[in-house]
Amino acid sequence: MIQRQSDQYSHLAALDGFRAGLALWVYTGHLAKAVGYSNKLLALHPLAVDLFMVLSGFLMVHTWKGRHGYDQLFGVTAIKFYIARLFRIAPLYFVLLGVCFLLADPLATMHDQIETIFPPPWIADKANYHPVTAWAVTSPHWWLAHLSFAYGAIPGMQSSTPLPDWSLSLEMQFYLLFPLLLFSFRTKKLQILLVAASVVLALLSPRLLGNYLDAGSLAHFGQPSFITYRLNAFVAGMAAANWLRHHRQTGNSITKTSVFYILLGLVCIAPLTKPVILLYGIFFIVISGAQPKLNRWLSGRPLHFLGEISYSIYLAHIFVVTGCVYLLIQSEGYLNIAPGLRFLIALTATAPFVFGTSYILYRCVELRGISFGRKFVKRIS
């Protein structure tokens, strides 16, 4: 039996809380790094991006199958769907690109001074580390790459802004492939081939295309910003969405097909780290509703609110963190206190501005972009 709309909404609301937690993880992780605070959990904040990809794969299938069929994957309906997604992501990103253009030089100066005092943990010779950051924001090539979201597929451009935006390019690459990926879920044989291909690509990409500081044999991507790195994470989310749909249609009973989808997801996620695999399991618990208390907590007002503004938190927090930490490190007293206390002071100072700015951006940019996108889509015949 398919669950009622209210039940469906509660699950999506719980995912808002899940998304809020991921955005907060990224924000606090960047803040801890900026003030020289070493914490094992916060140091793992890049893994939150892997879960964002799982969530994106899940929501794309969940949204599409809730409204459309396979026969509409390559027609006008698909074009409308893509335009709506573009207006969900692009307006805020383009506004923040404008901020990057206007503030590139002062942001680079502040960033370099922060990293001089608190070098990244991977820097071997910290005593002689003097970073020089220069974002080429006046280059036509820079603008073309970013306005088209192609920068993540270009080696060396994955970190070409102050923003943590490489994952947006990766998501757009996933959107381009989405019709073919979803079409592959029509038969079990195609699904197995897709999963096998995504796992092989995930394993080979670091060797061929680079692994952060280490160059690959074919190219050097400083972040896993090309689709081959994380196609498996998106497909894992797609498998979870298909599992949930089948699970509801069969009255939440255990069938061979439901086990098949669970195995697909686990195989997809296996090349990633153990914490991501663990969180993928928690993600399954959330979408299944197996722990109502957990879902109610994730659906509560505080996390629901943070989930609503999570995209703005994820993208815009870096401006607040950079500016605030730069001001704090001008004080000798601040530099001499314990790292944990430095982090708490910085968190107290930045949180109101991060959440306040994110809320304003959500109301003034995100919602207006979504509204305009809906009106635009209605005009397409």
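Just so you know, glycine gets a Cβ as well, placed from its N, Cα and C.
Here's what TrEMBL has on this protein:
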DOMAIN    13-355  domain 'Acyltransferase 3'
TRANSMEM  42-61  transmembrane segment
TRANSMEM  82-104  transmembrane segment
TRANSMEM  192-209  transmembrane segment
TRANSMEM  229-246  transmembrane segment
TRANSMEM  258-289  transmembrane segment
TRANSMEM  309-329  transmembrane segment
TRANSMEM  341-362  transmembrane segment
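Taking the domain 'Acyltransferase 3' (13-355) as a whole, pLDDT averages 92 in the prediction. Between the transmembrane segment (192-209) and the transmembrane segment (309-329) there are fewer than 3 Cβ pairs closer than 8 Å, counting only pairs 6 or more residues apart in sequence, which means the two stretches are not in contact. At the 8 Å Cβ cutoff, the transmembrane segment (42-61) and the transmembrane segment (341-362) share fewer than 3 close pairs (sequence separation 6 or more) and do not count as touching. Here the transmembrane segment (309-329) has long-range neighbours at 16, 19-20, 22-24, 26-27, 30-31, 34-35, 52, 89, 92-93, 96, 99, 103, 107, 110-111, 113-114, 117, 162-165, 335, 342, 345-346, 349-350, 353-355, 357-359, 361-362, 365-366, meaning same-chain residues at least 6 beyond its ends whose C-beta is under 8 angstroms from one of its own.
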